[in-house]
Structure formats: structure tokens, C-alpha cells
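J.: One structure, as C-alpha cells, below. Some questions next.
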Amino acid sequence: MPASKIFTGFRALGYVSNHIPLQVRHHRKHKENYVITCVGKSFHTYNSSKLGIVSISNTHPDDISCLAVDANLVFTGCRNKVQAFQRGKQVLRTYEGHEYPVHLLLPFGNHLISVDTDSNVKVWDIHSEGVYLDMNFDNSGFQVTAIMHPHTYLNKLVLGSKQGSLQLWNIKQDKMLYVFEGWNSAVTCLEQSPAMDVIAIGLADGQIIIHNLKFDETVMKFRQDWGPVTTIAFRTDGHPMMVTGSTIGHIALWDLESKKLKSQIRDAHEGAVVGMQCLPNEPLMVTNAADNSLKVWIFDQPDGGGRLLRQRSGHSAPPNKVQHYDNNGKNILSAGQDSTLRSFSVTHDKLNKSLGRASYDKKETKKTGLKKDRYMMPPITQFSSDTSRQSDWDNIAACHRGKCLVTTWSYQRSTMGSYKLKHPRFDEDPKLKLATALCTDISPCGNFVVIGYSTGHVDNYNLQSGIHRGCYGETVAHNCSVRGIAIDGLSQITITAGLDGEVKFWKFKQKNLIDSCHLKCCISDILLHRESSMLAVSLDDFRVMIIDIDTRKIVRTFQGHHNAVTDMTFSPDARWLITASMDSTVRTWDLPTGKLIDCFLVSSAATSLSLSPTGDFLATSHVDDIGVYLWSNMTLYTFVSLRPLPEDYEPDTLELPATQYENKKTDEDDEKEDIDMDDYDLWQNLLNLDIIKKRNKPKEAPRAPKSAPFFIPTIAGLEPKFAAIADDIEKETKSRITIGNLEPLSELGKALTADGLDYDKILNRFKELGPSAIDLEIRSLSPEGGGSIEAMERFLMFCNHVLNSKNNFEIINAYLGLFLKVHGDTIASNPTLCSVLETLSSRHLQTWRSLQDLFTQNTCMVNYLRTATL
């Protein structure tokens, strides 16, 4: 069986780039430059004009360690294996032979050069996948850290080492030609300059050496004060400029004519600039970093510097909270530990957007830059949103780690709002200076937001004006920290939950206490399903309780988690409750039965989850993971048996989905599913079978090819021409004999008209047939189809017998409905059949009433179990 009966991995959102340097390739036919970035186990291809995603590669067994491209292929290193991809997604060739992980790749004409962490250099023939040359270096003497091919140097390679020296090799002769002594610092990168014989060498001490290989002379030196040189690029649009990247995210632009620093781009990335390429003959530069961003810069500043032209980015730190935003489930709000609030689209990545980074002063933040922003606020821990007034004012309220003020955001304007909600008591009373806003909820009308604090206070604010509209309780709502807040669907009741296990119900407008419910354990979080009035409460003893807010009673208790519950979400119809825990499990509970129906493990514990309002996708975020993962709900498009799981059930691990959807279901999984599909869904299309056949009918019958004569006749004239071949005129013959009268009685017809009737045998025979065969059998019962009035009468008696047995009610109704639809005129003209049909009608009504009584009893029992205290 699969690891989960309900959910399967769909795709991952929010991935753009990681610490692997980007690669750029030019497509001559498209006249476009394409940028390839690595995102873990796969790589993305973007066009440089709009940074639109073009393709996503197939998934690797492990994280990609290096990338390289040539005119036709993309090469990747994963563990000790190298693969060549065609069209940016399909594996074309595989190169195996390394004993250690590969970390450097260099396409070299018809060959590919790979270097592993043990400094073993292999030269592969790209087409034959064979090893052309194998070179071994000792890491203690010469550990290879960089590799390049100097232009016009036939069959030559330059290898840089951690020890600082460089070596020039002829790979055709397998001979070392020269050794460059180095500059007493490790070589971090090598890059060919626009000038022949000259290369740029980046060192770990921040030096950039412009060196002439032919004469072994240093042309010029530069030094950046930002640490090791991570990458080097040269402009090729007519400006003698060199660009270098650093480990702290700064970019330096060097004028090669005046031999000095021309300009700099500070805080270009939030991490080390690992990849940099200047596009050929264009004033554009592409960079990537481990901060999950890809940026295009244009050199149009007066001082020769660059400005940001376009970018694609995701969270640079793991998300704390994810939540579906709108009712159609197409957008997901995500609050990250990088203090940003983002929206990810399920339909296409081009619809993703950033709502900005939380800041005490947005204007000053723009002046000082994002990286050294002293106005940056702590990360968002909890937020709530509502779409009813999104076009009028702010519709998102967010709590921040360790802060008592709550910020407002506007989804439509994609920015942080102007209000920072904070009661004056927190500044006036010294005892309340350490207060923290822990939870918040927005009313369904979109006008008010209610905030709960660690001091026990609960405040109500107007979102349009930001004015305080009252507080709950005389001084405090709880004598402990408030762990959860919820507002019902009619904005009549406010529910607050305290750490001490007290759940209180307040009048929303008057703010007076109505009722309370005490639980015997500390509360960690609450979640309300407004349509069903079901309140889920997670406790510190790892249990989850369901409270009906209409009766204020506990109706369900779920236990099974072995660690703290991190988040909860309801299905749209409130039939399921899905919970995530730090024990790395995601469990689905069935509320009507109170049983666990699905459970699976993930490699990293889920910190937050949200099921879409349409129920099609489950979104999760995980510990130390910057992505948002989508899981598809299989119950929407396939039959799933939701039998309760046994108490000793051991869940299996479900792999996190990749950035591209892959159907991982195999034929073995289909064979292992223990679902009886014999009687499922075969009879439901009987009444519409003629419509289905008409829809699937071909537009015209297939025509047989015309056979040409051996000698093609010609027409006499100055120029010989072939004569057209006359088509044979097909003459239709009409018969005056009714074909139905000559057809023999079918097998079921014979069984119905036999002397000893065995109704159970006939029913089993019907179940073995498909919809088309059942339709044919029922149509053939009439005299026009080869049957008789007796056969039709026996069929009605057969239906009466099945109804009397009180089994197979739905399937016999399908048979009877088709019989009446096809033979209605014949039955109406025959008194015998009408008499039998009247008897059958009374039997049918009696059977339906008994079933209706059973339905009523079960409905009453479910309502009792839903509202009663168990």
C-alpha cells in the first residue's frame, strides 16, 4: 500500500536558487539567453528576458552538487554520477566511474571534464560515455578547487588548487606543461578575460589577479575587503569592466583601464554571491545566491554601476506559517523567518508575489537597504486574513516574535499597511513591557481584528481606522497567556483559549462573558470551522479535542501524536481534521466516526499546514526547509477506501514532492490496493449510455483505400492527361423482413423463460456484464429484439424478487430504470405487463420506506453523537 491513502506529493513552491552557481546558455534560433539554476534535486531553466520559467528537470536521487552547460546539453553532478540532460528535463546520458562526489564540471568540445572531492579528474567522451583520460591528484599536495579552458589554447586546461598553485595541462598528451607558483592563497575561481592569454584568478584572501599565462606575468591586482572572491565575470559589451562577488553579498565593479574600483553594489544578495554571468554583448548581468534569489542587473547608472532590473525570489529562511488566502484555493500566504510575507500561486509561478518585509519604518528601510536595515521587525509567527474588504483597507493582521504590536498588511496593494496596533497600557505599565501578541483573528465582515496577548489581555481594533474598540474582561480576559482566538461565522461570539485550559465564550459586540469550558490540560492552539461550529483545541499532552460551540461540549477526543501538535486544518465540509506534529507525522481524523483514517511520516517535521477551501491541495511547511509543499487529495479523482486504521498502525515515510509534478504510482501499487472494484460504478451510467455512445461516436466511418487499376486510362489530346476513376455506386438493398423476429433469444432471456427460475443466478450473471452488455440484454427482451412478452414479464418478476430480498437496491433500480425507458410503449399497450408493474410498484415503495427509516435512524444517531458529551 502507498504511504498515504488520501494524499500524494504534487509539487514544491518557492524554490528559485541555492548555493550552486548558475549557468547561462545562448539559443541561436530563439535569440534568447537561458539561465539554469539548481534547486536541490532538480534544476530550473529561465529565460533572461522576463525570468519566466521554461522547464523543470526530472528529479535526481540526491541534491545536485554542480552544474555545467554546452550548446546542446545540461550536465549535472549528483553524488559520484554525472548526467547529461536534453531539452532541460530528460536524461540523455549517464557517466559513472567516480568513487567520490563530483564537485566540478567543464564541457570541453566533444568531451566533458569532471572533478571529484578526492581530486580525481576524468575526461569523458560525451557521445560514447567512455573515459578518455583519468588523472589523479593528492589532496595534500594539490587539491583541485577550480578549472577552466583558456581560449585559443588547444587541448589545454588550467587547474587551480587549495594550496594556491596552478597547473597547465595538455589533456590530449596527458602531460603537465607548466606550474604557476600562486600567491600564497587558495584559488577560489578562474575566469577567461576578453583578452587572449589573460585570465582572472580569484583568491580566498580577497585578491583578484589578472594574469598572463603566456609570459607568466601578473598584469594587475585588485583586492576586495569583503572576504574571499566567490565569482568573477567580464562585460563583453564594449566596456572594460570586471565584476566580482563576495561571501557577504556585495558586488564590486572594477575599471580595467584605470585599474581601480569603479562602483559597487552593496547588499546585492543576503548571502554569498555564488554565481555571476554577464550576458554576451548586453549591459546585463545575472547573479544568484544561496538566499533563494535570481537577479538581473543592468549597467545604466552614471557612475557605471548597476541597478536591479528584475528578480525572482522565495523565502530565504524557512516559513513559520502557511495559510490559503482566497476561497478558490489558488493562492497561499506564507510568513517566513526572514520577516517577509509572500503569496505563492498554485496555478503558475508568475503569479507569485511578495508583500514586503516587516519594518518599523518603511521609508527609512528603503534608504538604508534591506540587509543593514535597523528598522527590520522580527519574523511573523501568526497571522489571519479575510477577503471580504480587501479592496477597501488592510485585510491581514500579523503577530511578530517577542513583540506586542500587531502589523496590518494589504494583499491587493501587496504591501505592509500603515497601522501598528498597540494599546497604550503596554508602554505605561512597566510590568507589561515584555508582553507579546500571540494570536489574532479577523471578523468575517472584515471590519475588526481581535488580538490575544501573553499577559491575558484581549483587544478589539477597527481595521479601517486602526482605533481601539474595547477589550474583553474587566482587566484581563484570562489570568494567563492567551493561546488562541476565534470569531464565529456571524460575528456574534468571540472564543478565547488560555494556557490554563480555560475556553471562554464572549459576546462579540458587548464583550461580556457568556460561558466557559474548562479542560484539564494546558492549551497550545485552537482552530474554528465557522460553517459547522466545530472548534479544534490542541493540548500540551499531544491530544486534540473537538468542542461544539453551539452546545459548548466536548464531542470528540483524538490521541495518537507523540510530540507537540504544530498546526491543524479542517476539510471544507468539516468531516476531516488534519493535524501535524513534531513527531514528523501528518494525521487525518474522521470526525463522524472519531477514528484515524490516514497517517504518514515526512522526513522533516511539518511546522504548519493548510487545506484549500476546495479540498484539492494540502499545503505544508517544514523544519529547516524554505519550500512550501503541495499534496494532492486523491479522493477527488479516484476511489479511496477510508477504513479506520488499526491502533498499532506504523506509518510509512512519504517523500517530499519535487518542484515538478511526477506521477509516482506504479503498477505494483495498483495490484496492492485491496479495494473491491467489481461492483463499483459499472451501473451508474446505464441510463445515459446512449448519450455516451453518441458523444464517443466517430464523425465518419473509416474509408477503405481505393485500389488503382493496373493500367490508368488517359484522355487523348496535345498533352496526355490521366482520366478520373469513377467511383462505384453502392446500392442499398432494403429488406421487408423484421430482423428482430429472426434473432435468437439471448442467454439471459432463455434463463428468464426457463421453467425453473434461479433469480440469484440471473442477478450474478447481470453483475458480471458491463454497461453495454446489460443494455443489449435488456433491449433484446422485447419482441422486436428477439424476445417475448413472457420474457418481459419474467424480468419484472425478477426485479420484484430482488426488491423483496432488500439487497442490491441501487443496482436493481438502475436495471429497472433502463427497462422502463426502453420498453415504456410496449408495457403501456399490454394489460398483463401493466398488472405486474403495479405489483412491482407497491413492492418498490415498501422497500424504499424501510430504507428511509434506516436512514432516519442513522441520521439521528450521528446528530446525537455529534452533540452529546462522550
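Placement of Cβ uses the backbone N, Cα and C atoms for every residue, glycine included.
From a predicted model like this one, the values you see are computed outputs, not experimental measurements.
Here TrEMBL flags 35-300 as domain 'WDR36/Utp21 N-terminal'. Marked as domain 'WDR36/Utp21 C-terminal' by TrEMBL: 683-866. For 266-297, 475-516, 558-599, the entry in TrEMBL reads repeat 'WD'.
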J.: Determine which residues of the chain contact the repeat 'WD' (558-599) at the Cβ level, with the cut-off under 8 Å and only residues 6 or more beyond its ends counted.
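T.: Residues 4-7, 321, 524-525, 527, 529, 531-532, 534, 536, 538-540, 542-546, 605-611, 613-615, 618, 620, 642-645, 649, 651, 862, 865-866 contact the repeat 'WD' (558-599) from elsewhere in the chain.
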J.: Per DSSP, what is the helix/strand/coil residue tally across the repeat 'WD' (266-297)?
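T.: For the repeat 'WD' (266-297), the helix, strand and coil counts are 0 helix, 17 strand, 15 coil.
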J.: Which residue counts does DSSP yield for the repeat 'WD' (558-599) in the helix, strand and coil classes, in that order?
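T.: When I sort the residues of the repeat 'WD' (558-599) into the three classes, I find 0 helix, 24 strand, 18 coil.
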J.: Summarise the repeat 'WD' (475-516) by DSSP state, stating how many residues are helix, strand and coil.
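T.: Per-class counts: 0 helix, 22 strand, 20 coil.
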